[in-house]
Amino acid sequence: MSRNAESTAFRSALEVIRAVEPRVADAIGAELTDQRESLKLIASENYASPATLLAMGNWFSDKYAEGTVGRRFYAGCQNVDTVEALAAEHARELFGAAHAYVQPHSGIDANLVAFWAVLADRVESPALKKAQVRQVNDLTEADWFALRRELGNQRMLGMSLDAGGHLTHGFRPNISGKMFDQRSYGTDPATGLIDYDRVAEAAREFKPLILVGGYSAYPRKVNFRILREIADSVGATFMVDMAHFAGLVAGKVFTGDFDPVPHAHIVTTTTHKSLRGPRGGMVLCQPELADQVDRGCPMVLGGPLPHVMAAKAVALAEARRPDFADYAQRIVDNAQALAEGLLRRGAKLVTGGTDNHLVLIDVSGYGLTGRQAEQALLDSGIVTNRNSVPQDPNGAWYTSGIRIGTPALTTRGLGTAEMDQTAELIHTVLTQTTAGANADGTASKAKYNLDPDLADKVARQATDLLAPHPLYPAIDLA
Ligand code: DSN
């Protein structure tokens, strides 16, 4: 496709929007400018391709399509069937999965679909069988009451939040924590790494229905073969949330013991992080869970978003191209170069480095909280997010960490030399920032001091670093 076609498509779209509500058109244009000018290091963000973006902006958005391919609760879904089937086929082929469900709207939705599929398979189905009925509507009031109590009384073992686990893996502020009795496994305080013997011990003691692997802030590989063995040893279903590293699995950087798909009973992911697709979620599973997974809508999901499923099909087709493997490898090369650059300059990193797409800086080494560091970096044109570190004394709001990731900058084409320069910019800002004080003289966890001229200088250096790698070079909205 010609570069002109991309530019014309987006300009025309904005013209149409501007005729109705110019402020929305302006905000869309401003977002492109902001994304072009900042050094985006948020580990969970990326830049989807123009084809993926365009696949979402159309009349598929108008269609209701509850149900699954060929089995809908609405008439006229033949074209939705086409894109949903295509997205699922690309997902199965890309990940070597037996079954793919591409309707979840996000990662939390994908996890809810997975939890309820496991509960239906392991708790509800045996109860129906025992009562000798086919469906829940046929249960007596007493049996239904007993089943509801049993469904709400199951156990989950997942990675602790401050070790890098995710809120949706059974933590109380999230619905998963209200559904499950949850225990978590942490990391070894000395190394910051998962201690599989401790996980096995916790599993033996707690006997979870579901063992969850996967993370949103752990900078190392996870051995999914060992976790599956642990799950099997206690009769648990093994679920992996690969939202963060799905692109590294798709690009065959994580293979063998480090590829969750052959080892887990069920795998969830988002599609917009390292996988570089539209915002959304997806579930992959073994055949025995497929029917339950396909009941995700209306079990826990609202109507599917056919326009997003169309975009998932496009993005997954892109990820099946040979150049995606090269992209995935460069993500890791860049993260390692960034980590090495930071370490060489004296930064303290959780686990001392990375083998994936993310790096977790313990900013207590700079005398800052995560919140202070995040804001100082933002003032300097570097977009990151604060994150807890293991045994974080500052809790989940202020934190002691900054999580940075390379999927987005790698998409723009930055390489390892530029990662070293990025490390220099980050280190400069963090060494020049000092913690502020509250009005009463006590130490503040939010206030900070940074010379605005220094921040401006770093922001200009960040822009210079990005200049040879324009974002969406074919798109000219002027
Ligand atoms: N919001 C995603 C992340 O940043 O990791 C997952 O919650």
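Every residue, even glycine, has its Cβ placed from backbone N, Cα and C.
Per TrEMBL, these features apply:
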type	residues	note
DOMAIN	19-120	domain 'Serine hydroxymethyltransferase-like'
DOMAIN	153-426	domain 'Serine hydroxymethyltransferase-like'
BINDING	L161, G165, H166, L167	(6S)-5,6,7,8-tetrahydrofolate binding site
SITE	H272	site 'Plays an important role in substrate specificity'
MOD_RES	K273	N6-(pyridoxal phosphate)lysine
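Shown on the structure are the features that TrEMBL records.
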residue: L161; record: (6S)-5,6,7,8-tetrahydrofolate binding site; contacts (Cβ under 8 Å, 6+ apart): L167, F171, S184, S388, A396
residue: G165; record: (6S)-5,6,7,8-tetrahydrofolate binding site; contacts (Cβ under 8 Å, 6+ apart): G158, M159, F171, S184, V212, G214, Y215, S216, Y218
residue: H166; record: (6S)-5,6,7,8-tetrahydrofolate binding site; contacts (Cβ under 8 Å, 6+ apart): G107, G158, M159, G214, Y215, S216, D241, A243
residue: H272; record: site 'Plays an important role in substrate specificity'; contacts (Cβ under 8 Å, 6+ apart): S44, E45, N46, A48, P278, R279, G280
residue: K273; record: N6-(pyridoxal phosphate)lysine; contacts (Cβ under 8 Å, 6+ apart): A43, S44, E45, N46, A243, H244, A246, G247, P407
In terms of DSSP three-state secondary structure, what is the assignment for K273 (N6-(pyridoxal phosphate)lysine)?
coil
Within 8 Å of the Cβ centroid of the (6S)-5,6,7,8-tetrahydrofolate site residues L161, G165, H166, L167, which other residues of the same chain have their Cβ?
G158, M159, S160, G164, T168, H169, F171, Y215, S216
Could you break down the residues of the domain 'Serine hydroxymethyltransferase-like' (19-120) into DSSP helix, strand and coil, giving a count for each?
59 helix, 9 strand, 34 coil
Express the predicted model's confidence over the domain 'Serine hydroxymethyltransferase-like' (19-120) as a mean pLDDT, rounded to an integer.
97
Tell me, how many other CB atoms lie within 10 A of the CB of L167 ((6S)-5,6,7,8-tetrahydrofolate binding site), whichever protein chain they belong to?
17
